[in-house]
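Undergrad: For reference, the structure I am asking about is given below.
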Amino acid sequence: MTDVWVNETLYPDWGQRFLVKRELARVKSEFQDIMLFESTSHGRVMVLDGVIQITERDEFVYQEMLTHVPLLAHGAAKRVLIIGAGDGGVLRRVLQHRNVEKCVMVEIDGEVIRLCQEHMPDVAGDAWTNPRGQVIVGDGIDYVRQAEAGSFDVVIVDSTDPIGVGEVLFTDEFYHNAARLLSDNGLIVNQCGVPFMQADELRETSLRRGKFFPDISAYVAAVPTYVGGFMTLGWSAKTKGLRDVPVAEIRRRAEAAGILGTTRYWTPEIHVGSFNLPPYIAENLPG
Ligand code: SAM
């Protein structure tokens, strides 16, 4: 039998490919083409519109950094809003934090949720049924438009890239409403792509975020299957200073939240260090 490979089509002239052990699902939803397969190298993999979204083997890097950094930098987040993240991995990490009282997740594509529940159940674990979590199938832009002012402490955007259904999550309207629904010392993080290959994504969202938030930056994580070097996670806070919390205090907060010792990428030192940007990345930030 000949080998079957899945080629990622994110870039027209460069990419990664996976050897397929078994195809699990191929669905055309109302919003995107969804494919899940079992690879020989990275466990189960989900692809949306030809772009690798998550692999079982390295999802912890991205999910831990997207969740623990904002929650522990804030230090007292009780109400968390997640946009996208249909695999449930961010929801699971948020609900690990003892002090979080409520976490609302808004994912546009119910098929992504259903397929991940069926084929990648370990990514979310028992988060789907946690009484502190609420999962809404809907467009993130509609949710933020209607959300009450000051009703969340942290917003986490785990979206696809700014093309197709994900595009609205990178607009002025989205950031304006995100700033409005956050409490006074609230903050929002969002995936900003791999700047070595997608510098425009970081540059453009940073300019937009800067219109609505006084503290704009980004932090990095090395996610093996988001190829091209560091991935950037955008940082937008309503107050300054939240990204300058010292290592010892981050460790104390992580211990109190029940996070210390549970992670495979995030540590207090990596948390603080991740805000130190190589110049080729920093040059995409305003100022
Ligand atoms: N963690 C992986 C990553 O960042 O590559 C997976 C991200 S994937 C789960 C991103 C999710 O965002 C998709 O399931 C997609 O359906 C969802 N999404 C895209 N646009 C959205 C919108 N406007 N509102 C809510 N969710 C959206």
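Quick reminder: no glycine exception, Cβ is built from N, Cα and C everywhere.
Remember, predicted model here, so these are calculated numbers, not experimental data.
Grabbed the feature section from TrEMBL, which reads as follows:
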DOMAIN    3-238  domain 'PABS'
BINDING   Gln32, Glu107, Asp139, Gly140  S-methyl-5'-thioadenosine binding site
BINDING   Asp87, Asp158, Ser159, Thr160, Asp161  spermidine binding site
ACT_SITE  Asp158  active site, proton acceptor
Undergrad: Beyond the listed site residues Asp87, Asp158, Ser159, Thr160, Asp161, identify every same-chain residue whose Cβ lies within 8 Å of the center of their Cβ atoms for the spermidine site.
TA: Leu48, Gln53, Gly84, Ala85, Val157, Gly166, Gln191
Undergrad: For the domain 'PABS' (3-238), what's the model's average pLDDT?
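TA: Taking every residue of the domain 'PABS' (3-238) together, the mean pLDDT is 97.
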Undergrad: Once the DSSP letters are reduced so that anything not helix or strand counts as coil, what is Asp158 (spermidine binding site)?
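TA: Note: Asp158 (spermidine binding site) is in a strand by DSSP.
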Undergrad: Relative to the Cβ position of Asp139 (S-methyl-5'-thioadenosine binding site), how many further Cβ atoms are located within 10 Å?
TA: 18
